[in-house]
Amino acid sequence: MSLSFCGNNISSYNIYHGVLQNPCFVDALNLVPHVFLLFITFPILFIGWGSQSSKVQIHHNTWLHFPGHNLRWILTFALLFVHVCEIAEGIVSDSQRASRHLHLFMPAVMGFVATTTSIVYYHNIETSNFPKLLLALFLYWVMAFITKTIKLVKYWQLGWGMSDLRFCITGVMVILNGLLMAVEINVIRVRRYVFFMNPQKVKPPEDLQDLGVRFLQPFVNLLSKATYWWMNTLIISAHRKPIDLKAIGKLPIAMRAVTNYVCLKEAYEEQKKKAADHPNRTPSIWLAMYRAFGRPILLSSTFRYLADLLGFAGPLCISGIVQRVNEPKNNTTRFSETLSSKEFLENAHVLAVLLFLALILQRTFLQASYYVTIETGINLRGALLAMIYNKILRLSTSNLSMGEMTLGQINNLVAIETNQLMWFLFLCPNLWAMPVQIIMGVILLYNLLGSSALVGAAVIVLLAPIQYFIATKLAEAQKSTLDYSTERLKKTNEILKGIKLLKLYAWEHIFCKSVEETRMKELSSLKTFALYTSLSIFMNAAIPIAAVLATFVTHAYASGNNLKPAEAFASLSLFHILVTPLFLLSTVVRFAVKAIISVQKLNEFLLSDEIGEDSWRTGEGTLPFESCKKHTGVQSKPINRKQPGRYHLDNYEQARRLRPAETEDVAIKVTNGYFSWGSGLATLSNIDIRIPTGQLTMIVGQVGCGKSSLLLAILGEMQTLEGKVYWNNVNESEPSFEATRSRSRYSVAYAAQKPWLLNATVEENITFGSSFNRQRYKAVTDACSLQPDIDLLPFGDQTEIGERGINLSGGQRQRICVARALYQNTNIVFLDDPFSALDIHLSDHLMQEGILKFLQDDKRTVVLVTHKLQYLTHADWIIAMKDGSVLREGTLKDIQTKDVELYEHWKTLMNRQDQELEKDMEADQTTLERKTLRRAMYSREAKAQMEDEDEEEEEEEDEDDNMSTVMRLRTKMPWKTCWWYLTSGGFFLLFLMIFSKLLKHSVIVAIDYWLATWTSEYSINDPGKADQTFYVAGFSILCGAGIFLCLVTSLTVEWMGLTAAKNLHHNLLNKIILGPIRFFDTTPLGLILNRFSADTNIIDQHIPPTLESLTRSTLLCLSAIGMISYATPVFLIALAPLGVAFYFIQKYFRVASKDLQELDDSTQLPLLCHFSETAEGLTTIRAFRHETRFKQRMLELTDTNNIAYLFLSAANRWLEVRTDYLGACIVLTASIASISGSSNSGLVGLGLLYALTITNYLNWVVRNLADLEVQMGAVKKVNSFLTMESENYEGTMDPSQVPEHWPQEGEIKIHDLCVRYENNLKPVLKHVKAYIKPGQKVGICGRTGSGKSSLSLAFFRMVDIFDGKIVIDGIDISKLPLHTLRSRLSIILQDPILFSGSIRFNLDPECKCTDDRLWEALEIAQLKNMVKSLPGGLDATVTEGGENFSVGQRQLFCLARAFVRKSSILIMDEATASIDMATENILQKVVMTAFADRTVVTIAHRVSSIMDAGLVLVFSEGILVECDTGPNLLQHKNGLFSTLVMTNK
């Protein structure tokens, strides 16, 4: 065919009747605007434009949008689509002519290029903010509009109309060019860049003036929005450097929690006003959410409708293409000047291109719908969290204290209910999109197959409710699993906390068995869960097969015609479309029900009682300054700062005379006060008190008399039934601690009775938002005796404490809370029983240095609630409480004069406290606390050191490697871990899973191939009605086999996952429980517990479905590629570049997704912790009036979590858009190849069907790969513990060789003993030699770290004995099996450990002893009467950790436990360190009598306790330096023992 612009006919070039009368020259005229634009713009684009000064200097170049920006992009895309149609129409028309007529499509091609150039040119001009250069575009649109109008008029003159496609295309282009011209005119009008002296200046949006904003979706152009092109930089950079919070920056203002909170709050307040007019109505949160977030949901729904409608283009185009391929080739070419729309759409190539464009648009709209709903859901969640937090800060204290609103309920609202509503919003568009999709699908099926299609639709509709039933059962099974999992974790936690005792008593197997029993119950529930999960997967796969089988079999026998390929494969595609919404229906309904329940809970919470607006909060109702100047009877005296630690009322007069004169003002006054906790009954009644300004007021009384309630009532935490609380104005001119300091008018510092700490550093807990002043900070820490404790912490006062940090003792926590109150720059300080958790030394120091010196010298008003009556001598004012009322108020002298009985009662109580003081002086609690903290720090430092060394090694390796190596490591899938997980499920199940999966997908491919053969056979060879029994039978058998294999594969995967989970947990538990004690010393408890909780949960419930989905989607994609290649081998040529593109997409996405997932997870915990710690410390926060600061912190944490989740969602959209576009390219390639190279219509239909399938599953392959990579991290963590070396439980002696009653005598010989904790550590005992006679009482002492406890551990082989030996009753303990050795000895540890269960279980977990023996042990331990008084006696309940017993009782239970064993050797490892003297005396007495004939080795906490021992061993730095009786050692005045005795006096 010859090539020419107007064809070979000479008349085509005739312009005799005028140029415009020649169609070819009119088409040539249309080239002029395009050539003009290309000629003008290309030099500007490639050479550069404008001066640099005209460009906006900002880090984001996408912010500037000229007027009509989005409209321009939409119109340009529409114009490009019309140009494609024009090109296609021209090519199809040209193909019907004898010679080539370039004018039919060449102008359209140039138009397409010019339009593309126009939008590129516009984008560059826009980002450079140089609008003057847009004049070229204005001229282009004017010229294009004119030329297209001339062409349209010419067609109209020829008599063409709406039935002619070319006329329609030209008309649409005239409209589009005209609209684009109008857009340019509007830009000129608004920006005033042409013919105006002062062009408009444009400022960047407020968001992008902040360099921290990195989320650019709202600011980029439409193309970048649709394709998430702006995400490329972040996702690609993840290979070089992990994505951190700095990389993702901050949220734009419109997406921040505070912005959405204001929006939702206004809508909710409007609903509250409407509800106020109707008493029985509550404000509707649903309507509030609709008002606030309805618009984006409607936009998302519109996108969804468009996507769903475009989704039906696939089946229709498949039908059209297969029909065209099936038609016999007609060699006679019918010439026509123009094509109709019907003729145009009958062209197979046109249909292929339209299918490609429809897929692109469908997937773009679908991802846009997903993004808008996710963004709206995130915004809703942020707003709800802010609303909940705002309510928490105003929540009535009685709601929390009286149990109406628990901390768990608040945490559920935050962690569960808000997420339920967010997920419901994600699924919302499905509610109204699904009915349209189902109706459209059924109508199209009916048009294709007639009434037989209704049979298949009926099968789907009837079977779909089963999915809802399965989903309900899944939820029940999950709840049951959670309950068992909680119980298992509780037991595991107990094991880990008491692991030292379990090992020493050789009880590991008993407790391990208990955990295994609970695990079996959990696994039973997991089996149910796995079964229903398998059924759900089975239903998803089997229902489409069943529907297709029913439809085609019905059609084969009920219809009068054979099944054609076009009908068959279009129907298959429609069935896949129809099944999806019906399956989603159950999920949407389930989430809708959950959302309704969540809204009910949220509404109840938001309508719950709030705290009253008291005068001290609002600044109103204050007591006039003048009326406060009433004499309070207080006489001023100086303080004796060097007063001893005992206080007597007899010294009162002397103490009072020493206090300087102070102001007589009243700081707080309560008149006729009646206060309640919300029940309506007054907890405090008839309260008339006054608190003098600048003085120390003490509130005293019996436990439960209302002292703490009085403080809280003054703070406004209680409900005021009657009366008033007045707060005095503050005299700002008073001298203060700092000359430059100014105090808040109603500022209060408050230390609660129950210490409350933030999850923050020690410094942040003390300063509590106030500016840091080093001098003041040091004074406070010294006053609270905190510096020695801070010095023990690994990072000093920068160490994080609280839930996520170091666990401090009660006393240490209490002192930090008191330090916080002291540090604050407030006029008034409330201290609620600050001495309760402190020993006498600390209490005395805090009273002297903290309260009397630091606070009183600063003339601050101090209100102190205390039981320590010995401090009453320092009180300026005393309030005595009894049964919720004020018993007495006044100075101590007033009370002594007016109420002698009360005064004498106080003196009696003080004498008792003095007696207890003598005992407490010996039982130094602070020393014990610091020792415990030191041990914890040692363990953490050791672990941290190991981790630091590992990190340093990794860093060195990373530095040595080049960038490509780092990228390779970041992108590498953990295949080794995957294989290890798969083999944990058993090789048989692994083989069965692989085999069944391959067989199932082979059968599914066979079903489709059989259908292709069936339809092709009868459509070609026998167009009439034929006997189809053979094909129907074969099709039915294959479908039945496919359904059966769907069930087998789903069950196999779940069962393999369950088996792997069972084996991994079993191995982990046994490895941990048999691990060396050193492992538990150096590994934080939370880290080990995390393996049994979060990691085990991932292995149990998350990996199996991910693995199933990954294998299914991968095999579907591979089978699709295989079938397409089989149908059209030419496709393989295009497969290579598509495969390369897919490889790089998944490679970059997996790394970025993993980082963003970790960021999302890591930012959730601080947010949840902030909510829980706010609820716990509500009274303190409100007392300090720090609500605003805490709100701001909550908003920051919410935004941080939201930005991480938003980026993760955007990354998922980035992936799905690209894989969807790749899928569309595969469809286009397959279509073109099928049309050009295949004459078998069945295979063409099959190839196109599988090509459409790929678009659905490509992104799932990558998503599942990314998820599996993250989840395999849990397996890797578990595996890291499984490689740990266990203790060597075997010995050279067989257990049967050990005498039954060994050790019977209790003789111990220590020969040159050397001990260390690990091979790479220094010895802790060096060449120790000692001999202990049978039945001898031995005392071991030494300074901290001298090796005392190490020796006790050596008896049980808990440490590495690398030299020397210990011989007990003639047997070297190194030869004994560990279980035998440990089961024959007894030990009582410093920390008394009891386990949850019964008293019987704690004494005899092996159930070997009779009740008489147990009662005998309890009687010896002085516990028999107490246990008898308990309900159940020996079977009485022991709570976790034995918390329902005192520390002393717990230690006595441990003694009884040791006696039950009746070992001839008892070791007491500082067993009396944590108990008082009275309990210690009982313990020593019992040991001397009950163990009179046994060997007792006592490691002394107090040297005085071993003075009467038959032998005393004194250690120093791991060496035995002294060995003799106590009296003999005391004779050596310079000896270590003598020094220790003198020190402890």
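Including glycine, each Cβ sits where the backbone N, Cα and C put it.
Look at Swiss-Prot and you will find 1-30 (among others) tagged as topological domain 'Extracellular'.
Residues 106-107, 110-111, 113-114, 117-118, 120-121, 124-125, 128, 130, 132-133, 136-137, 139-140, 143-144, 147 of the same chain sit 6 or more residues outside the transmembrane segment (31-51) yet have a Cβ under 8 Å from a Cβ within it. The transmembrane segment annotation in Swiss-Prot covers 31-51 (among others).
Positions annotated as topological domain 'Cytoplasmic' by Swiss-Prot: 52-72 (among others).
What Swiss-Prot lists as transmembrane segment is 73-93 (among others), and the listing cites sequence analysis. If one looks beyond the transmembrane segment (73-93) by at least 6 residues along the same chain, the residues whose Cβ comes under 8 Å of a Cβ in the stretch are 101, 104-106, 108-109, 111-112, 115-116, 118-119, 165-166, 169, 172-173, 176-177, 179-180, 183, 221-223, 336, 338-339, 344, 347, 349-350, 353, 357.
As annotated by Swiss-Prot, topological domain 'Extracellular' applies to 94-101 (among others), with the evidence given as sequence analysis.
When Cβ-Cβ distances below 8 Å are used as the criterion, the transmembrane segment (102-122) is approached by residues 3-6, 23-24, 27-28, 30-31, 33-35, 37-38, 41-42, 44-45, 72-73, 76, 79-80, 83-84, 86-87, 89-91, 93-94, 134, 136-137, 140, 144, 223 of the same chain, each at least six residues removed from its ends. The feature transmembrane segment is assigned by Swiss-Prot to 102-122 (among others).
Within its own chain, the transmembrane segment (133-153) has Cβ neighbours under 8 Å at 20, 26-27, 29-30, 32-34, 36-37, 40-41, 44, 49-50, 66, 111, 114, 118, 121-122, 125, 167, 170-171, 173-174, 177-178, 180-181, 184-185, 187-188, 193-194, counting only residues six or more beyond its boundaries. According to Swiss-Prot, the feature transmembrane segment maps to 133-153 (among others), an assignment based on sequence analysis.
What Swiss-Prot records for 189-301 (among others) is topological domain 'Cytoplasmic'.
Feature annotation from Swiss-Prot assigns transmembrane segment to 302-322 (among others).
Positions annotated as topological domain 'Extracellular' by Swiss-Prot, on the basis of sequence analysis: 323-347 (among others). Residues belonging to the topological domain 'Extracellular' (323-347) score a mean pLDDT of 67 in the model.
The transmembrane segment feature in Swiss-Prot is assigned to 348-368 (among others). Long-range contacts of the transmembrane segment (348-368) within the same chain: residues 81, 84, 88, 92, 225-227, 300, 303-304, 306-307, 310-311, 313-314, 317-318, 320-321, 324-325, 1213, 1216-1217, 1220-1221, 1223-1225, 1227-1228, 1231-1232, 1235, 1255, each at least 6 residues beyond the stretch ends and with a Cβ under 8 Å from a Cβ of the stretch.
What Swiss-Prot records for 369-420 (among others) is topological domain 'Cytoplasmic', and it gives sequence analysis as the kind of evidence.
Look at Swiss-Prot and you will find 421-441 (among others) tagged as transmembrane segment. Proximity of distant same-chain residues to the transmembrane segment (421-441), defined by a Cβ-Cβ separation under 8 Å and at least 6 residues beyond the stretch ends, is recorded for 289, 293, 297, 300-301, 304-305, 308-309, 311-312, 369-370, 373-374, 376-378, 380-381, 384, 457, 574, 577-578, 580-582, 584-585, 587-588, 591-592, 594-595, 598-599, 602.
Feature annotation from Swiss-Prot assigns topological domain 'Extracellular' to 442-452 (among others). Applying DSSP to the topological domain 'Extracellular' (442-452) sorts its residues as follows: 9 helix, 0 strand, 2 coil.
Feature annotation from Swiss-Prot assigns transmembrane segment to 453-473 (among others); the stated evidence is sequence analysis.
Summarised by DSSP class, the composition of the topological domain 'Cytoplasmic' (474-528) is 51 helix, 0 strand, 4 coil. Residues or ranges marked as topological domain 'Cytoplasmic' by Swiss-Prot: 474-528 (among others).
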Selected stretch (most C-beta pairs under 8 A with the transmembrane segment (302-322)) from 453-473, 569-589, 987-1007, 1031-1051, 1242-1262: 569-589
Long-range environment of the transmembrane segment (569-589) - Cβ separation under 8 angstroms, sequence gap at least 6: 311-312, 314-316, 318-319, 322, 427, 430-431, 433-434, 437-438, 441-442, 444-445, 448-449, 453, 456-457, 460-461, 464-465, 467-468, 470-471, 539-540, 543-544, 547-548, 551-552, 1008, 1011-1012, 1015, 1245-1246, 1248-1249, 1252-1253
Top Cβ-contact partner of the transmembrane segment (1031-1051) among 453-473, 987-1007, 1242-1262 (pairs under 8 Å): 987-1007
DSSP helix/strand/coil residue counts for the topological domain 'Cytoplasmic' (189-301): 66 helix, 3 strand, 44 coil
Give residue numbers and ranges for long-range contacts of the transmembrane segment (987-1007): same chain, 6 or more residues beyond its ends, CB-CB under 8 A. 545, 1035, 1038-1039, 1041-1042, 1045-1046, 1048-1049, 1052-1053, 1055-1056, 1059, 1111-1112, 1115-1116, 1119, 1122-1123
Spatial neighbours of the topological domain 'Extracellular' (442-452) not adjacent in sequence (6+ beyond its ends, CB under 8 Å) are 312, 315-316, 319, 551-552, 554-555, 558-559, 567, 570-571, 574-575, 578
